[in-house]
Amino acid sequence: MRLGVNIDHVATIREARKTFEPSVLEAAFIAKRAGAHQITMHLREDRRHIKDEDVRLVRTSVEIPLNLEMAPTQEIKTIALEIKPQRVTLVPEKRQEVTTEGGLDILSNADYLKNYIKDFKENQIEVSFFIDPDLGQVEASKFTGADAIELHTGRFAESFHKRDFRLLEEEKNRLRKAATLARELGLNVYAGHGITYQNIHLILDLKGLIEELNIGHSIISNAVLFGLEKAITKMLGIIS
């Protein structure tokens, strides 16, 4: 199972002060050195964290596959076609949300999406849809022409956090059924959202069905905590 590292929240820390550090590019280099299989970045319409130049720099400077998460808008599409990431993952987007709250509704937007992704296909850019683990959405993704789906694991993660084990088992079964159908239809299957060091073992049970996990917040959170002592010691060393 591959790991895609989402570095959005490195930019979130930077944008909290509207400054130049921490460097998103350096974070991508670190992820590559650590063995990550892919860098994931979400270029949101409001540019709340990742900026256009961040994506350009990572794409041109780091020899690692880039997965660009994006809303299916014409503006972001133009940028994506210029940068040419190895993959685009289409996600729903609301300006008022803190993070992506659910999957893209392929069923209701199939005709639009089928036309929207043509340019990516012509440019040999893999197209993935971020969807809830719903069988109808999986089938619609195949019909629309996607190469892959990324299953939204948010409800699974929330039920784990709340220790709602009945709902947790239901969500895990939904993920299993959706992944199984997707594989039968010839789609690549990825997953992400809310996966942590504590709940990942349950997702690993689906290793034969899910090929890749995209994880960001949990990794960055742990990096802040476990790197804090080292950073303080380094500063004290300089002072002394």
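Cβ coordinates are placed from backbone N, Cα and C, and glycine is handled just like the others.
Within 10 Å of the C-beta of His42 (active site, proton acceptor) we count 23 further C-beta atoms, all protein chains included. The active site, proton acceptor annotation in Swiss-Prot covers His42 (among others) and rests on sequence analysis.
Per Swiss-Prot, the feature active site, proton acceptor maps to Glu69 (among others). In sequence order, Thr40, Met41, His42, Leu43, Val88, Thr89, Val91, Phe130 make up the list of same-chain residues 6 or more apart from Glu69 (active site, proton acceptor) whose Cβ falls under 8 Å from its Cβ.
All chains included, 26 other C-beta atoms sit within 10 angstroms of the C-beta of His193 (active site, proton donor). Under DSSP, His193 (active site, proton donor) is assigned to coil, being neither helix nor strand in the three-state scheme. According to Swiss-Prot, the feature active site, proton donor maps to His193.
Taken from Swiss-Prot, the feature 3-amino-2-oxopropyl phosphate binding site applies to Asn6, Arg17, Gly194, Gly216, His217, supported by sequence analysis. In the three-state DSSP assignment, the secondary structure recorded for Arg17 (3-amino-2-oxopropyl phosphate binding site) is helix.
What Swiss-Prot records for Asp8, His9, Arg44, His49, Thr99 is 1-deoxy-D-xylulose 5-phosphate binding site, and it gives sequence analysis as the kind of evidence. The Cβ of His9 (1-deoxy-D-xylulose 5-phosphate binding site) lies under 8 Å from the Cβ of His49, Gly216, His217, Ile220, Ser221, each on the same chain and at least six residues away in sequence. In this structure, His9 (1-deoxy-D-xylulose 5-phosphate binding site) is part of a helix by DSSP.
Sequence-distant contacts (6 or more apart, same chain, Cβ under 8 Å) of Glu150 (site 'Transition state stabilizer') comprise Thr89, Ser128, Phe129, Phe130, Ile131, Tyr190, Ala191, Gly192, Asn214. Under the three-state DSSP scheme, Glu150 (site 'Transition state stabilizer') falls in the strand class. If you look up Swiss-Prot, you'll see Glu150 marked as site 'Transition state stabilizer'.
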*Mind checking which of Arg17, Arg44, His49, His217 has the fewest other CB atoms within 10 A of its CB? They're the binding-site residues.*
Arg17
*Which chain-mates of Asn6 (3-amino-2-oxopropyl phosphate binding site) that are at least 6 residues away have a CB under 8 A from its CB, listed by sequence?*
Thr40, Met41, His42, Gly192, Asn214, Ile215, Gly216, His217, Ile219
*Looking only at DSSP and grouping its letters into three states, which state does His49 (1-deoxy-D-xylulose 5-phosphate binding site) belong to?*
coil
*Rounded inter-Cα distance in Å - Asp8 (1-deoxy-D-xylulose 5-phosphate binding site), His193 (active site, proton donor)*: 13
_Given a 10 Å Cβ-Cβ cut-off, pick out the one of the binding-site residues Gly194, Gly216 that has the most other Cβ atoms nearby._
Gly216
*Please find, for Asn6, Arg17, Gly194, Gly216, His217 as listed binding 3-amino-2-oxopropyl phosphate, the greatest distance between any two Cα atoms, in Å.*
25
